[in-house]
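Peer 1: Before I ask anything, let me first share the structure, which is written out below as structure tokens.
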Amino acid sequence: GGRQTLTVVDFLHSFIFYFHFNGFTMNKNPNPHMTPLPFPAPPTPGNATNMLKRWRCIGPTVTPHHGLTSNPCVLPDLIPPGVCNLLSSSTIYANNEVSLEEVDIYGFDYDYTLALYSSTLNSMIYNTARDILVKQYKYPEGISKYDYIPNFATRGLHYDIQKGLLMKIDAFHYIQPGTVYRGLRPVPDDEVLQLYGGTYHVPLHKDSGFYGKGPKVKQFMDVFSIPEMTLLAVANHYFLSNNIDYDPVHLYKDVSEAVGMVHIQGYMYKWIMQDLEKYILRGDETYAVLHRLVNNGKKLFLITNSPFGFVNKGMMYMVGKEWRDFFDVVIVQADKPHFFNDCVKPFRRLDNNGDLQWDKINSLDKGHVYKQGNLFDFRRLTGWRGSKVLYFGDHLYSDLADLMLWHGWRTGAIVPELELETKVLSTEQYTQSLTWMQALTGLLERMQMHRDPESREVLLEWMKEREELRLTKNMFNPHFGSIFRTYHNPTYFSRRLSRFSDLYMASISCLLNYDLSYTFYPRRTPLQHEPPLWMDQLCTGCMKTPFLEEMTHIR
């Protein structure tokens, strides 16, 4: 009830008063003439009950969904002015310091990097793979009745192949409770614990391996994998709902092959080429990025796994018939990630009709198109190496991992999900819920030392309320939450994102917001044993957002 949360208000008002009294604002340095006030002391066993009785500010109806916004005693003081408007999907975020002035060569993947696709494509992939599963693999006809579920799965999830479970795992290999699904139904937390030997931890030897493809667990990392996860869930659900005995390993293999056939047999390429306007989004922005880079003397190259005919059609639609004039090197059907980590396949040149030539490749020439090859020959023939090269791609493993770890290239991850993420993070409801949860966390840490019954009652109520506030995950995806965070830890996806990318952004069009001599600085995030950097947050904005308004002239 309201009684148990009153000390939170006491704590928070003292906290806010402390900063206001010392001259802190979102845009000013602290007042050097003010003497800091002592931080409010934790409640003692003798006065915990009295403090709760004395404050009557919060009513009994406080919930994460409506109580915070209706309480005049807590808000608006808790949220500094303008915080809810700090984030922008046009921002480029830095994991590592990168100076664009030092970058002379820009490289790009094609799918979901130069070419962004509409969500309609996921539905087409799902429907076709489902039909292949039923007609060619002879799966039950009843599966055909299940349509694509657009908001079921998110990128970065793990799939336990032997148990048939789709789940979200954090950066420390722990399953997030409440995010394990068998088919389309959630698995109760106590059952998850039983399945994994009394723990949420997934051992390293069972995890998904370096490229997300372990023998027992797979991580789905690219945008194309979303319809595959949905089909896996639907097929599992159908068998379970109809009490049909099946082997989850065979199901995983068959679904994976069915989805693969959509790509291998060219279905996806055909759909897109037949209706470019329907499937390709924001092609004018791709043209603007390439045009700006070339006009500033930058060299460009393209390395994609897609075939030339498909890439050529899409690039002509977005950039024009002379699109190859923008690129110094064009490589198709590269077979990434093997392109980056072995030196087996040589380059082959394609003629203007897309047919393979048999001449030995001694140079990579502008205006020509090459197939396959490998990074070792690429570096030898171009001389491009090290931090002068910045390569953009959407797949953390296939596009970026080897370049970052072994070759010293700068890398930029394209994460389309940032558009929704920043929109949710900027809402007043999310900001208030997060602030409230952080306050409760601090109070829980300090209240644990008290063992009297009144204090224990307060502690239990705060723990319960903190668990309820975790429901903010529903604001991102009702089943799995944000792709970037579990309750408090980064996700496994986030861990890989920070490990394999210097920069990350929603689309390459974000480059249009920055001068080509701009330096990206990652925010210094305090380690757990370090004091919080209040001044960094207060001076630059606590949401790590550069001042895009001051750079609008660049476009």
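Just so you know, the numbers here start at 1 and follow the chain as drawn.
Cβ atoms here come from the backbone N, Cα and C positions, even for glycine.
Just so it is clear, the model here is predicted, and its values are computed rather than measured.
The active site, nucleophile annotation in TrEMBL covers D109. Here TrEMBL flags D111 as active site, proton donor. Residues annotated as Mg(2+) binding site in TrEMBL: D109, D394. According to TrEMBL, the GMP binding site annotation covers D111.
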Peer 1: Quick one: Cα separation, the residue listed as 'active site, nucleophile' versus D394 (Mg(2+) binding site), in Å?
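Peer 2: On Cα coordinates alone, these residues lie 8 Å apart.
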Peer 1: DSSP three-state call for the residue listed as 'active site, proton donor': helix, strand or coil?
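Peer 2: Assignment for the residue listed as 'active site, proton donor' reads strand.
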Peer 1: Determine, to the nearest whole angstrom, how far the Cα atom of D394 (Mg(2+) binding site) is from the Cα atom of D111 (active site, proton donor).
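Peer 2: Each residue's Cα considered, D394 (Mg(2+) binding site) and D111 (active site, proton donor) end up 8 Å apart.
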Peer 1: If one looks at the chain holding D111 (active site, proton donor), which residues at least 6 apart in sequence have a CB under 8 angstroms from its CB?
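Peer 2: Once residues fewer than 6 apart are set aside, D111 (active site, proton donor) is near Y117, F224, T304, N305, S306, D394.
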Peer 1: Per DSSP, to which secondary structure element type does D394 (Mg(2+) binding site) belong, with helix, strand and coil as the options?
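Peer 2: Assignment for D394 (Mg(2+) binding site) reads coil.
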Peer 1: What number of additional C-beta atoms lies within 10 angstroms of the C-beta atom of D394 (Mg(2+) binding site)?
Peer 2: 23
